[in-house]
Amino acid sequence: MESTLKDMRDGASVLDMDPKHTVGGGVGDVYGEDRATEDQLVTPWTVSVASGYSLLRDPRHNKGLAFTEKERDSHYIRGLLPPVVVTQQFQEKKLMNNLRQYQVPLQRYMALMDLQERNERLFYRLLIDNVEELLPVVYTPTVGEACQKYGCIFRHPQGLYISLKEKGKILEVLKNWPERSIQVIVVTDGERILGLGDLGCQGMGIPVGKLALYTALGGLRPSACLPVTIDVGTNNEQLLKDEFYIGLRQRRATGKEYADLLHEFMTAVKQNYGEKVIIQFEDFANHNAFELLARYGTTHLVFNDDIQGTAAVVLAGLVAALKLICSTLAENTFLFLGAGEAGTGIAELIALEMSKQTKAPLEETRKKIWLVDSKGLIVNSRKDSLQNFKKPWAHEHEPVKDLLNAVKVIKPTVLIGSSGVGKTFTKEVIQAMASFNEKPLILALSNPTSQSECTAEEAYTWSQGRAIFASGSPFDPVEYNGKVFVPGQSNNAYIFPGFGLGLVISGAIRVHDEMLLAASEALAGQVTKENFDNGLIYPPFSNIRKISAHIAANVATKAYELGVATHLPRPQNLLKYAESCMYTPNYRIYR
């Protein structure tokens with residue numbers, strides 16, 4: 001991946017940097033949010049010490065009915081609450097009972113967003129303790145519907161909206177955000193939201209959801225997270241005609257106007273928050289995603305979850321799956337449906353890991369990987385008409401127009417879907433895979449569920465129960481011929497929270513491909529023998545905080561090895577250090 005981006009940067013590498021940037025630092029724990037500060041008494045500061053009615057209206061410090069008798073007296077809230085005092089655990093039980101009464105997922109999403117605005121710690125406690133149940137609500141697939149209806153359900157501003165109206169004033173806009181110590185920004189321009197297309201300004205649901213997971217799963221402090229939507233218009237005619245649409249009512253800005261706005265944003269972020277703030281690009285269209293990663297990869301701490309995060313989590317699943325069938329990456333042939341951000345990003349990371357394992361040149365390992373786009377198999381004869389990021393995957397072969405024929409002639413052992421188009425892994429395609437593979441590996445990665453290339457039931461049924469299957473969105477267990485199959489979920493939430501934590505604890509100032517490989521290896525290493533025996537290629541999400549800590553430690557270790565870490569001296573035990581830095585949402589006792 002780095003080699004592809006280096007070509008776009010005229011040979012520049014993320015490791016080519018001015019030594020003056022490698023200075024120590026880090027963001028202080030202002031609110032007592034780290035695990036290491038869990039037992040300390042804290043003062044509920046806002047602008048002044050929060051008390052009385054304002055304390056109950058402050059989501060960071062509000063505990064609802066869990067305020068103790070002493071706290072009710074010392075902070076002037078006696079009489080503002082009913083007399084009963086309950087525990088956080090009781091509140092959690094009550095809320096989960098209420099959430100389960102909703103039949104419509106979007107209602108659950110809205111209830112959780114309201115809770116986040118009302119009682120931040122209880123929101124994260126709920127999410128951490130019930131992650132497998134609530135992850136599909138706060139993120140895919142429900143967040144896709146939330147983005148589509150964001151104009152109708154919008155209640156509270158949850159991030160920064162930077163539009164063309166703010167051109168020339170972006171630094172001032174950033175200073176309007178109440179927090180100064182920001183560690184991670186997730187930014188989107190809303191052009192390619194999941195598999196749903198251009199949702200314009202309403203894509204804000206994605207940064208909000210991602211950052212909730214950064215905190216719940218990766219332990220980054222809520223106060224250090226900033227969701228941003230860059231509004232340059234939308235080409236979605238339905239939204240432009242929607243009276244409830246909340247964004248700019250104009251067609252998308254492109255070219256110099258778009259590039260200038262993004263450059264002003266990137267410059268302002270670095271000026272306002274410093275060198276070590278993570279900027280995660282999310283759901284940008286292919287042409288902009290690669291360009292932004294190439295342009296800013298050598299000057300900012302940037303990460304694209306669609307390209308790099310997806311690649312890392314898929315690679316981890318592949319490494320784990322191949323252990324199931326006693327195989328290696330180099331012994332397999334890979335065929336992708338989809339040659340955009342996700343497809344080419346995954347392909348490049350597989351090729352890099354294969355090169356690392358076999359010591360073969362990257363150009364050779366790429367030849368084991370084939371991609372199909374909307375025009376058919378990517379081959380040499382198409383090279384002149386291909387976008388730059390597709391050219392490394394143009395191999396010598398006769399043109400093939402569709403996926404089924406590509407499967408028949410390439411005979412892949414691994415089929416990966418990242419097309420964003422549902423129902424493309426047809427019965428004929430799956431049966432063809434099963435005809436020459438004892439255990440065909442099928443990954444249908446497109447989100448949300450409606451855009452998945454096939455369902456878990458289809459994969460298991462059409463392969464006669466022989467497929468090893470994983471998907472981007474969750475599917476229920478499937479019973480076939482008396483056996484229950486539990487499909488894996490290749491969810492980016494396995495990687496990006498721990499990856500971000502690793503960047504923060506090491507004070508990293510650049511992202512390098514070797515750090516992505518380190519994250520993949522850490523995730524694959526968390527799949528136990530018991531998981532393997534159940535046919536799982538990913539560990540259960542119930543252990544995600546532990547998994548994230550291991551990923552963070554691995555990523556931080558690699559950052560120190562590469563010389564891009566600035567948190568000095570290096571902690572002796574990075575795993576314990578990562579755990580100590582993780583946000584914990586337990587209620588604090590107020591003075």
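For all residues, glycine too, the Cβ spot is worked out from N, Cα and C.
Here the structure is a predicted model, which means the values were calculated and not measured.
Database features, via TrEMBL:
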DOMAIN    116-297  domain 'Malic enzyme N-terminal'
ACT_SITE  Y139  active site, proton donor
BINDING   R192, N447, N491  (S)-malate binding site
ACT_SITE  K210  active site, proton acceptor
BINDING   E282, D283, D306  divalent metal cation binding site
DOMAIN    307-560  domain 'Malic enzyme NAD-binding'
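For the domain 'Malic enzyme N-terminal' (116-297), the model's pLDDT averages out at 95. Put simply, D283 is the one of the recorded positions Y139, E282, D283 whose Cα lies nearest to the Cα of R192 ((S)-malate binding site). Other residues of the chain with a Cβ within 8 Å of the Cβ centroid of E282, D283, D306, the divalent metal cation site, are T188, R192, I193, I206, F281, F284, A289, N304, D305, E341. Rounded to a whole number, the distance between the Cα atoms of E282 (divalent metal cation binding site) and N491 ((S)-malate binding site) is 15 Å. Under a cutoff of 8 A between CB atoms, and with a sequence separation of 6+ in the same chain, the neighbours of D283 (divalent metal cation binding site) are T188, D189, G190, E191, R192, I193, L194, G203, I206, D306. Nearest by CA distance to E282 (divalent metal cation binding site), out of the recorded positions Y139, K210, N447, is K210. Taking the C-alpha positions, the distance from Y139 (active site, proton donor) to the residue listed as 'active site, proton acceptor' comes to 7 Å.
Other Cβ atoms within 10 Å of the Cβ of N447 ((S)-malate binding site) number 23 in total over all chains. Recorded residues N447 ((S)-malate binding site) and K210 (active site, proton acceptor) have their alpha carbons 15 Å apart, per Cα-Cα distance. Largest CA to CA distance in the (S)-malate binding set (R192, N447, N491): 18 Å, whole number. Local packing around the binding-site residues E282, D306 was summarised as the count of other Cβ atoms within 10 Å of each Cβ; on this measure the leading residue is E282. In sequence order, Y139, V186, P227, Q280, E282, D305, F496 make up the list of same-chain residues 6 or more apart from K210 (active site, proton acceptor) whose Cβ falls under 8 Å from its Cβ. Working note on the binding-site residues R192, N491: by count of other C-beta atoms within 10 Å of each C-beta, N491 ranks first.
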